[in-house]
Amino acid sequence: MLGKHTSPHTVPGHRAPWLSPGIFCLGLPFLLGWVGLLQGHPQCLDYGPPFRPPQHLDFCSDYDSFGCCDQRKDRRIAARYWDIMSYFDLKAHELCGGYIKDILCQECSPYAAHLYDAENPQTPLRNLPGLCSDYCSAFHRSCHSAISLLTNDRGLQESHGKDGARFCHLLNLPDEDYCFPNVLRNDQLNRNLGVVAEDQQGCLQLCLVEVANGLRNPVSMVHAGDGTHRFFVAEQVGVVWVYLPDGSRLEQPFLDLKSMVLTTPWIGDERGFLGLAFHPKFRHNRKFYIYYSCLGKRKVEKIRISEMKVSLSDGNRADPKSERVILEIDEPASNHNGGQLLFGLDGYLYIFTGDGGQAGDPFGKFGNAQNKSSLLGKVLRIDVNGADVDGQRYRVPLDNPFVSEPGAHPAVYAYGVRNMWRCAVDRGDPVTHRGRGRIFCGDVGQNKFEEVDLIVKGGNYGWRAKEGFECYDKRLCRNASLDDILPIYAYGHGVGKSVTGGYVYRGCESPNLNGLYIFGDFMSGRLMALQEDRKTQKWTKRDICLGNSTCAFPGLISAYSRFIISFAEDEAGELYFLATSYPSAYAPHGSIYKFVDPSRRAPPGKCKYKPVPVKTKSKKVRFRPLAATVLDLLKEESQKAARKASNATFTSSSDRVASQKGSLKKPASSRSSKKTFRRPGTKKKSRVWSPRPQGKRKPNLDSHGVGMRQAAGRSHP
């Protein structure tokens, strides 16, 4: 979608909101993230992260504040303890009760998976936790008769009666830091339990789950707010798909507007199907709203906002004949098309338009963005629940800020916008409701800065007078009447060149993330978060990186496709992002990823919900993940290491045999001594060439990417 192309389909200065110069020539998938050696990290026996128990633990009280047991499991462990202790007299109670309680309660330890050697679900689970040698020896001396009551493992039962050393050897862990009770005493392991893990540079370590793939530039993912917990994914070409709570996709699309949507396969084309929003009362009126590029009369390019309805005969299909055009705006250029639609808490529809394109907003004396009579470069607010008296298909809210200003368009809610790419409404803190209703936007910059804004009524966001915190047009910037709203955060193009706005996390599954505004950059592929200081109301940026060993849970991945197109929130409040490895509107390389905090989860059962049933007439397409999980990669690395060690042993043995035979013969020449051993049946490796999606070879680039920049040109002066 993106960049400056000298083609009949694009214009100079044409840049997609999510792409910057010098990237789209990378045809091969570019994945971020890496996997290191598996190291200890908090993990429970169900292979999930630990949590804070919602109720007090009466028995395993050492793990009352954080661990792997809720009250139900705590009571089950207590019942087993008393069942075992019923076999002992009073003296044995005093002697062994503490040991047995300690051992049973290790299921509640935040490091339970390591104590039971259960990090990998493919390996068998221990019957007893790993005990440190001194502790194990003391337990065996005092209470070896209890072992048969604690485990039915025949090897452990046979070993304890003969030799305590043998028994303790079987319970030994390779890393003594994780055996009990050392794991309790290790300050490094317990210092930051329950908070988001950070690497040495302070980067927040999160993980991902792949939930969808094979999409053509997925630009939007929204839910209907109707209790069904479906989500609707829009592709740039104009097709919208329905995904069900079980992860499957319906075979028939919800909406197909390919014949009407204006876009091309060219990387750099920003036009297309750009926005989708469901009416707050969708469950009753079946209405939703779409934002797309189209050709009007005399081939004038327009952006169109329309209302549509869901089919009466199929709740998973739009009625193609129901489209009612709400608003059309002429586009003077093919870029900076905006594209966001959302409903505020006030029930009004907010529309986010770009400044009309080209570079520097060159239209008129002040540009479109500063011209309140233009609908370009604006945040618009309209009432779609009825028509106006003058024949317009919407009403203007009476409290819009410029309703009474001569020359200003009454639909304008805020102005001075360059090209806001992805905005979101904050649900508010789930307990205090703090922040509820705030609207966050990422506004793509020109030459130097990308910014994140909080939208306020009547606000002027500075463009083209300012870019980020700095002046862009010095003459306009010196205007005392500018009175612009500064970004809550801006970053330079050394970090990234095309911001993708995100969401404030308000979900249930990852409570540590509550209140973090998570966003990214299309060009650099960076994931970032903003954290608010409630006292100063200032925001601090935190980098997000994907964990390596911290993501060693079933189903979690630590890599993603580089080009971050959009962010999303499901009906339960969990966060996702949409990305592609090849940003063309017709290339099926887009995926959707869900954020997961591996450091802490919600207590079991807290986040359960029961979706409202929805009838499906279309066949379901089962999701098949393409990304390798961290556990898969670790297993592969382990197998490679084992093969390498085996080959080294085999080669060493062969060399010894050859040496013994050669001692009776003439010494080999220096040339023959350089030959390497190749196993029977193996062939000499040939160079592998991976084709680009277009079937072309990847261009040779110097260390500074000059070849790439020359191919791409610059998307703005």
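Cβ atoms are placed via backbone N, Cα and C, with glycine included.
A disulfide bond in Swiss-Prot ties C508 to one cysteine from C423, C441, C551, C607, and that cysteine is C607. According to Swiss-Prot, of the candidate residues N548, N647, the site noted as N-linked glycosylation site is N647.
In this structure, of the disulfide-bonded residues C545, C551, the smallest number of CB atoms within 10 A of the CB marks C545.
Distance between Cα atoms for C423 (disulfide bond) and C207 (disulfide bond): 23 Å, as a whole number. Closest to C203 (disulfide bond) by Cα-Cα distance, out of the recorded positions C441, C508, C551, N647, is C551. When the Cα of C607 (disulfide bond) is compared against those of the recorded positions C207, C545, N647, the shortest separation belongs to C207. Most other Cβ atoms within 10 A: among the disulfide-bonded residues C423, C441, C508, that distinction falls to C441. Measuring Cα to Cα from C545 (disulfide bond), the recorded positions that fall within 10 Å are C207, out of C207, C441, C508, C551, N647. There are 12 other CB atoms within 10 A of the CB of N647 (N-linked glycosylation site), with all protein chains counted. Note: the Cα of C207 (disulfide bond) and the Cα of C441 (disulfide bond) are spaced 24 Å from each other.
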